[in-house]
């Protein structure tokens, strides 16, 4: 990774707590800040809640309004990452968290920030930055879902491709100004630069998919400019499904004495209940094989990944002509259209979605239980984000990758090595639906 531009990153302490989580045990490394403050004779609440673990959401002692919303969502027991993170994050501890897709990382920062929020008219208290517009839209919806019994809390989403004047109008009116801002870096930087938004009261600063946001130099510089517009005394939380050793030091420069949690370090791909297969075939055989799979397999919703916008459009036309009603989403369509199609798919208006990698990160649609790599991607890391659309939140799911050339074979080999997983060839006789469908 290039180190260009790192010299102006904010320098904070490199001391951190690190928790390595797997299915059997939790190991805590390093000195907690509790111990450090005892030595220094100081009292600092950040990092002082190590070892608090809860088995039910009620044990977190959240606001009654949040507890009611959680019950309405049907949640009772926190996931592994929620269990280890929420008890400290609700008390203001900085967090660096890597956990595989589908373990509820979004709920960690949504619940934690809502728990701490004391809304003041006209003041932005929470900033959430993510790399994709669809993801920003989805995070906003999670805030709406969990704040349903907090009528005074307002949330807004800002991203490029829409008139900035509308954003400015919303922000300058105290009756409409949000307390929680979810945004992509470019648009939020523009609002800060033009003094359309005041971030001097921010108490919580969150970056979702932090590796993607910070590994691109331009996006990282946008984040730095936004970060400098916020108070130094605030909570910073960062989350991602993949967090390489190279990007972690970059993340840490934004953090103070963070709690670090890595669930399945190096993102070893053990997505709960997800069956993974590949199919070797010629390029010209892909359409016929895809139609056969859609006929033979049982699924609630399926997402099919392709490598380009033109292929997404052509494949969608072919599927619709073949009596497989499908919707397509890609980065070259207008933002309003992308959001509308995402919502239509999420609302189950269509069961088949053909997409480029615009849907490959963070997008959460619970009914998806089949992911097909029509075109295998070029890099191993993105595999986790693609197939992670299926089998989320511990449910079963199925991922199938088409392998049509030597380059695909090399990528498949890298995926298996990178994630320490064995991907089997799809059996000619098919597979038992009970292996990838919930009862």
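Numbering starts at 1 and runs along the chain as displayed.
Placement of Cβ uses the backbone N, Cα and C atoms for every residue, glycine included.
Here the structure is a predicted model, which means the values were calculated and not measured.
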**Message:** Need the matching range: Swiss-Prot marks region 'Disordered' on one of 1-48, 49-96, and I'd like to know which.
**Reply:** 1-48
**Prompt:** Which stretch does Swiss-Prot mark as motif 'DECD box', out of 196-199, 200-203, 204-207, 208-211?
**Reply:** 208-211
**Item:** For the motif 'Q motif' (55-83), sequence-distant contacts whose Cβ falls under 8 Å of one of its Cβ atoms, 6 or more beyond its ends
**Value:** 21, 90, 97, 99, 103-105, 107-108, 111, 114-115, 145-150, 261, 263, 393-394
**Prompt:** Of all the binding-site residues given, 101, 106, which residue's CB has the most CB neighbours within 10 A?
**Reply:** 101
**Fill in**
Filtered by Cβ under 8 Å and at least 6 apart in sequence, the residues in the chain of residue 105 (ATP binding site) near it are 81, 97, 99, 208, 239, 241
**Item:** C-beta crowding around residue 103 (ATP binding site), within 10 angstroms
**Value:** 24
